[in-house]
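The following features are taken from TrEMBL:
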ACT_SITE  263  active site, nucleophile
BINDING   281, 282, 283, 311, 312, 334  L-glutamate binding site
């Protein structure tokens with residue numbers, strides 16, 4: 001559908017797919033929900049009606065350098081986001097009354113989310129999309145189903161078990177990074193920066209072959225995180241590294257990997273011990289994550305009807321040998337999600353940092369495409385010099401990811417949001 005034309009999968013009428021998140025929440029509530037469905041919506045509805053103050057980050061998204069031009073060129077987005085023809089700026093109160101009406105219908109109906117997929121909202125939703133030239137049909141909405149999947153998991157040292165989201169999410173990439181590094185990370189920070197960067201590169205090479213397991217055969221890929229032979233092979237290559245390799249093919253990459261945006265992560269630990277990590281994604285101002293079907297793509301991520309695209313999300317729960325949640329974490333930030341989450345886990349589990357220290361400490365990132373080691377302000381110069389000496393092209397970047405985490409250590413529960421984007425913690 002998007003052959004030869006990247007922008008069609010990134011924005012515009014053909015960038016819209018069936019929204020699945022609401023159905024996922026409905027399914028989860030039907031199985032595990034304690035509060036009445038309608039109560040869950042009240043805070044969001046109230047915020048939509050009363051409004052929220054626009055901070056610098058939100059204002060930047062609305063600006064000329066952000067999504068401002070795209071919003072103002074779209075009649076529907078202007079109506080929704082630009083009150084009186086003016087985009088919100090810092091200090092304004094931003095309201096979404098139209099969304100409040102939609103959420104109220106979904107909240108009050110005994111059919112819940114089904115009102116969007118096969119109910120009173122479906123035809124209106126499809127009609128709005130058709131005005132924009134979208135190709136989603138009523139049948140597409142009616143036929144959508146949320147699916148339950150088993151998590152991917154690995155055993156980590158000190159009797160911990162890590163669970164994360166299966167493909168087409170990137171939990172397997174996160175767990176591969178952890179398994180590769182757990183036996184070679186040391187107290188030598190200069191050696192560590194090289195090892196971590198190389199592990200990232202090998203992991204992102206594997207990511208280029210991941211797609212929806214309902215459409216692609218991923219058995220061989222899935223088996224790799226449990227293969228001592230495969231993990232040892234990567235470790236040996238990393239330990240022998242004197243100079244990094246600068247061709248993606250050297251790491252086994254066969255295709256480029258898509259980027260994704262517009263994520264937010266929330267983690268929860270309940271009084272009864274239930275642990276939840278949720279990564280929500282709506283891209284930027286697009287309806288969902290379909291622009292992960294970008295070009296040039298991996299065949300594993302070619303667009304097909306009913307197929308779910310590759311995502312960087314990797315919400316993760318790590319439990320101790322008694323099965324109690326020890327760390328609940330996840331991140332927002334596109335392709336930086338996986339590497340950021342990995343570094344927070346390593347900092348907390350292996351370097352015994354507090355959860356706030358583990359989240360706040362400066363991070364690095366490498367994803368093979370582009371071939372550059374990105375680093376945040378605060379990374380020690382001697383580490384950067386070591387990376388350059390090893391052949392890395394280095395590039396300083398601003399805050400590009402946001403990790404949230406809850407940790408339980410010695411019967412003490414602590415939580416941290418990421419200063420890079422802001423957030424909050426709360427206990428009840």
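Keep in mind that glycine also has a Cβ here, set from the backbone N, Cα and C atoms.
What you see is a predicted model, and the numbers here were worked out from it, not measured in a lab.
Taking the Cα atom of each, residue 281 (L-glutamate binding site) and residue 263 (active site, nucleophile) are about 4 angstrom apart. Taking every protein chain shown into account, 281, 312 are the binding-site residues, and of these the Cβ with the most other Cβ atoms within 10 Å belongs to 312. A Cα-Cα distance of 7 Å separates residue 334 (L-glutamate binding site) from residue 263 (active site, nucleophile). If you take the C-beta of residue 263 (active site, nucleophile) and look for same-chain residues 6 or more apart in sequence within under 8 angstroms, you find 279, 280, 281, 312, 313, 331, 332, 333, 334, 337.
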